[in-house]
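Here's what Swiss-Prot has on this protein:
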type     : residues      : note
ACT_SITE : 140           : active site
BINDING  : 139, 143, 222 : Zn(2+) binding site
TOPO_DOM : 25-33         : topological domain 'Periplasmic'
TOPO_DOM : 55-157        : topological domain 'Cytoplasmic'
TOPO_DOM : 179-192       : topological domain 'Periplasmic'
TOPO_DOM : 214-293       : topological domain 'Cytoplasmic'
TRANSMEM : 4-24          : transmembrane segment
TRANSMEM : 34-54         : transmembrane segment
TRANSMEM : 158-178       : transmembrane segment
TRANSMEM : 193-213       : transmembrane segment
């Protein structure tokens with residue numbers, strides 16, 4: 001499924017651009033209520049822009065090609081498998097794409113359950129058995145059926161709102177303290193350059209810290225997507241697919257795409273910032289049936 005750093009980077013870029021426009025035009029709300037309204041509009045705005053552009057951004061990021069008409073047996077099998085599983089999951093047929101990468105990976109994205117995309121790497125088609133590939137596709141179909149992208153958009157919107165709100169409150173305080181010469185009765189945010197610089201830095205820092213929340217959600221939904229795959233094609237097929245991933249190449253997708261793929265990077269500074277749970281934990285969760293209840 002399509003998810004996180006590309007999503008986060010787009011959100012961050014939108015917030016920084018909005019902040020720059022507001023600062024240059026002098027549109028600074030001195031009231032807490034006004035600032036909160038602005039934060040809500042821009043916070044959720046960035047999330048929904050990312051959601052609406054998600055298919056285009058994902059395909060562009062990996063150089064994916066949508067299959068309009070299957071050209072060979074492999075593409076025909078892929079399209080038929082996606083169609084069968086989409087019917088089983090009760091969703092409309094997603095677009096199907098292939099992208100060139102040596103690693104075993106796949107992702108799904110889209111603004112709605114009935115307007116989605118499933119993409120798989122050439123490495124997956126070449127190195128996985130049909131049963132394993134079927135399980136990976138079912139994992140991505142489950143992400144779509146669970147509505148993970150919409151849920152993530154709402155979570156990211158709330159996170160964005162608080163990042164904007166808190167950073168600008170602190171920026172106003174810093175600007176007023178460091179350069180705020182103002183006449184009596186005059187409303188001011190202090191030095192506008194200090195305000196913009198502090199607000200931008202704080203938005204970047206708080207945005208990174210807030211990503212812990214979205215990373216947690218990303219890991220949590222991976223367990224549920226694994227369980228969804230097990231229900232669609234069988235638990236053993238999904239376990240076999242995860243075991244195959246343990247021996248696969250290090251993913252070659254851009255770092256910004258890791259949260260959108262089934263096979264996220266396993267090496268990270270901390271599990272707090274990992275988009276995916278360790279593969280061993282995912283396999284154990286399937287064996288115990290923890291998320292199948």
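Note: Cβ is positioned from N, Cα and C throughout, glycine not excepted.
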What's the most sparsely packed of the recorded positions 140, 222, counting other C-beta atoms within 10 A?
222
Count up the helix, strand and coil residues in the topological domain 'Cytoplasmic' (55-157) according to DSSP, in that order.
57 helix, 21 strand, 25 coil
With every protein chain in view, how many other Cβ atoms are within 10 Å of the Cβ of residue 143 (Zn(2+) binding site)?
27
Determine, from DSSP, whether residue 222 (Zn(2+) binding site) sits in helix, strand or coil.
helix
Cα separation, the residue listed as 'active site' to residue 222 (Zn(2+) binding site) (Å, whole number):
10
